[in-house]
Amino acid sequence: MARSPSDWLWQDEFWLPPGITWEDMKESEDIRYPQPRDLLLSIPFALILVVVRRAFERAIALPLSSKLGVRDKQRPKAQPNPMLEAFYSTRCKNPEEDELISLAKQCDLPVRKVEIWFRRRRNTDRPSLSKKFCEACWRFTFYLTSFFTGLAVLHDKPWLWDHRECWTGYPQQPLQPSLFWYYLLELSFYWSLVFTLPFDVKRKDFKEQIVHHAATIFLISFSYCGNYIRIGTLVLVIHDASDCFLEPTKIFNYMKWKRTCDSLFMIFSAVFLISRLVIFPYTVLYNTYYYSMEIFQPFFGYYFVNVLLTILQLLHVFWSCLIIHMVYKFIIQGTMEKDMRSDTEESDKDEEREKIREKEKNGIIYFSNVTSNTYIQRNGSEPLNKRTHLTNGHVKER
């Protein structure tokens with residue numbers, strides 16, 4: 001008789017070592033094991049976190065941003081234009097040159113005016129600095145809480161100090177309540193990030209964020225179902241350690257505290273590189289690849305979890321290369337390179353050029369120099385910085 005998809009998915013050979021079946025993982029009054037149905041609790045808890053986040057941002061983060069001097073940039077608004085608005089909403093937010101020309105004819109406007117309208121309209125949709133500040137505050141609060149929660153849960157656990165203990169008695173390792181709630185907290189948080197993605201600040205790596213959140217939810221869920229709780233808690237603590245320094249770096253960047261921001265970024269870089277390139281390979285990769293085989297023979301779940309962790313480590317290497325590049329630029333040039341994920345606001349340079357052309361028509365041009373502003377007349381006279389001013393007010397040619 002053919003197996004149903006559910007029966008095929010939960011085959012003993014996929015999830016458990018040889019000689020162990022799901023019958024051996026049944027709960028009793030004294031012993032509790034991870035059950036896949038427990039993961040459904042993460043959905044309502046994620047919705048609760050969304051509510052808590054909104055309350056936190058309005059009651060704490062937003063007033064804090066005002067007190068710390070975080071000011072939103074005053075952006076010139078695009079003039080109401082139903083035809084351009086319809087094109088912007090339904091067709092394209094950044095039209096090509098031929099589309100600009102067509103829209104200009106339809107609206108009876110100069111092409112440059114239409115281009116400026118779209119630029120201002122795009123800037124209007126960009127998130128404000130206070131919104132970015134509030135998001136960074138919420139993530140910092142969670143990562144800090146999660147990190148110290150993990151330390152509180154694991155400080156007395158033997159596998160934190162002796163990594164072989166991760167596999168002692170596997171997979172029949174009872175699930176302790178503290179580990180269950182710690183896992184539920186992390187999984188609910190990443191579900192909440194998925195729920196709020198449409199409303200959060202959209203960066204250039206928006207699609208990558210979706211993939212990252214989905215992969216994280218999958219890894220946490222898989223490790224829970226396969227009872228890789230002990231190794232999973234180590235992975236969570238290691239990742240939260242560096243994230244605790246990343247979010248305050250953003251906060252001080254929004255506050256324009258450059259030195260503090262640069263200092264925190266250097267600390268974040270050191271913690272990230274040490275935790276992801278040194279501690280993670282030894283504590284997690286070597287642990288799952290080598291120590292686990294002292295307890296059981298390799299099976300499908302063993303290979304699968306090692307492949308997932310190896311992919312995770314490759315991502316660590318990729319991000320580490322970017323961080324090292326930024327640190328190198330900072331040491332050599334003395335300036336921190338901008339986050340490539342940030343969506344920069346467009347300036348009205350073309351509008352400024354238009355104003356200069358209008359001044360040229362009146363016979364005057366203003367040039368901006370590094371050291372001084374030079375006033376030049378259209379009749380061909382020399383700039384003033386090439387003349388010597390005498391005490392009587394006359395000018396002597398050099």
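Placement of Cβ uses the backbone N, Cα and C atoms for every residue, glycine included.
From a predicted model like this one, the values you see are computed outputs, not experimental measurements.
Copied over from TrEMBL, here are the features:
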DOMAIN    84-128  domain 'Homeobox'
DNA_BIND  86-129  DNA-binding region
DOMAIN    131-332  domain 'TLC'
TRANSMEM  136-154  transmembrane segment
TRANSMEM  180-199  transmembrane segment
TRANSMEM  264-283  transmembrane segment
TRANSMEM  303-328  transmembrane segment
REGION    378-398  region 'Disordered'
Per DSSP, what is the residue count of the domain 'Homeobox' (84-128) in each of helix, strand and coil?
33 helix, 0 strand, 12 coil
In the predicted model, what is the mean pLDDT computed over the domain 'Homeobox' (84-128)?
81
